């Protein structure tokens, strides 16, 4: 960034008098600061933002699925089967979690990049006819492989960021998953600018762009020691503001592009603005790192040390840490069977993988996720065909997909930031917010079952919002109930309910019901299935029965999450972040003491 050296030099010169004898403002200090920024927690978070912004290719399935269906001659059941394997790959993250337990973060990200490019590039080759028409199971493998790559991005970027900022995990997960929610709209703008209005080329963009971003930033994302920073929450709210502006810009552009014919140059301008907003958090983080760098290199005289507070905190943290280690040693001596089923830790402590997976809390959370994400994914995967069945033009259907992506983002940041604020200030449990979100999704599903003019616009907003809100809540609840030690595996296991729900509700329920209605329409015209290449249903009745069933399932999921609310009410009444706050204070005290000894 060409403006960075002059900005840093101006800051250093203005602060020369406050920084003691350090020779600020020269090239050497600028180099040290740049190195400090790249190795810092905030730049790691910025890189995570970019990686997560490219990890939402699965949400664009509704845009390019029509190309797959038409070019390969699939019926809706076959297309929904592909949608299931997409959801299966996107949500079976156990492999990435287990790999992350034994390998460094950079390896996890590189594996994800390779899988992303291979899977989607093979789909693109198939759709454009550059290779012979693949068998259906080949396509299932391709899309499952490509979609599974986002779990490696999640595990590498999200888990590392949560561990680097444990006291702000709700805000953190909301932002990271929010950028993933915006991924569909961002990539839509990019492919319009690069390739024009060509849905087949969108698949090619999905193949190479996320992989390239992961490779570029692969070594900057790593776990670091947690340090207490008083203005940390303010920085996150700056990022939230930038993200909301980006989302609003994308939403306005989506609506304008629907009403006005854009030239290629206009698409280039909108994509450039979107990228500029996406990179804007870097300025916020550079400013934050300036303050960190200044404090790190400032001589600390004895009067500046909080002698009444810091030694006490450090001693307290050392003692507490010792007690936690002793407790862990004691538990490790228990028989594995009793340890798993009878001697489980308290909620909020570090569960083992089996302890967490076989707990009642996880089973209830699994059921609620099966109902909530299963119904939402079914709606997302069928959105293109829903618009087609109700007579909307192709440009409008793309608007539905973009609106769903944008409101997916709003749902994620809302559930992340609002649930965090309500939890800290009012002890409002996150499982209760999940209940409310599932009830909201029922409304969106019913709007598709009983459509009226313009109802799909409203349904896209509601379903996108509720779908987006569920993921940060799920990931946050798992981290809070079962600890962070095995979080990379547990949060991936927790979302396994999503592809299971998608398979049953999408492949076994929605697809066959749609095809049954389409065959009835053909029979009325005196035609058979062999008479047409593509099986299509037109009319309000195409999805009515299926979405009534989906709304009922979502309501059942809300009842299941309400049971979890009752079970965890006492846990959420306590201070769930106390131990992380004490660890951060102890680390800060230790670093201050070390820095003071080094200087004096």
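Cβ atoms are placed via backbone N, Cα and C, with glycine included.
TrEMBL does not curate its annotations; it predicts them automatically.
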Practice prompt. Check each of the ranges 10-33, 82-105, 106-129 against TrEMBL and return the one annotated as transmembrane segment.
Written response: 106-129
Fill in: Per TrEMBL record, range annotated transmembrane segment [choices 400-419, 480-499, 500-519, 520-539]
400-419
Worksheet item: What range among 336-356, 546-566 does TrEMBL record as transmembrane segment?
Response: 546-566
Item to complete: State the residue range annotated as transmembrane segment by TrEMBL; the candidates are 233-253, 296-316.
Response: 233-253
Discussion item. Tell me which of 138-158, 201-221 corresponds to the transmembrane segment entry in TrEMBL.
Written reply: 201-221
Item to complete: Rank 42-61, 362-380, 400-419, 456-478 by Cβ pairs under 8 Å to the transmembrane segment (265-286) and hand me the top one.
Response: 42-61
Discussion item. Can you tell me which recorded stretch out of 106-129, 173-195, 233-253, 400-419, 546-566 has the most Cβ pairs within less than 8 Å of the transmembrane segment (201-221)?
Written reply: 106-129
Worksheet item: Where else in the chain does the transmembrane segment (233-253) make close Cβ contacts, counting only residues six or more beyond its ends and a cut-off under 8 Å?
Response: 42, 49, 168, 171-172, 175, 178-179, 182, 185-186, 189, 270, 273-274, 277-278, 280-281, 284-285, 288, 402-403, 406, 409-410, 413, 417
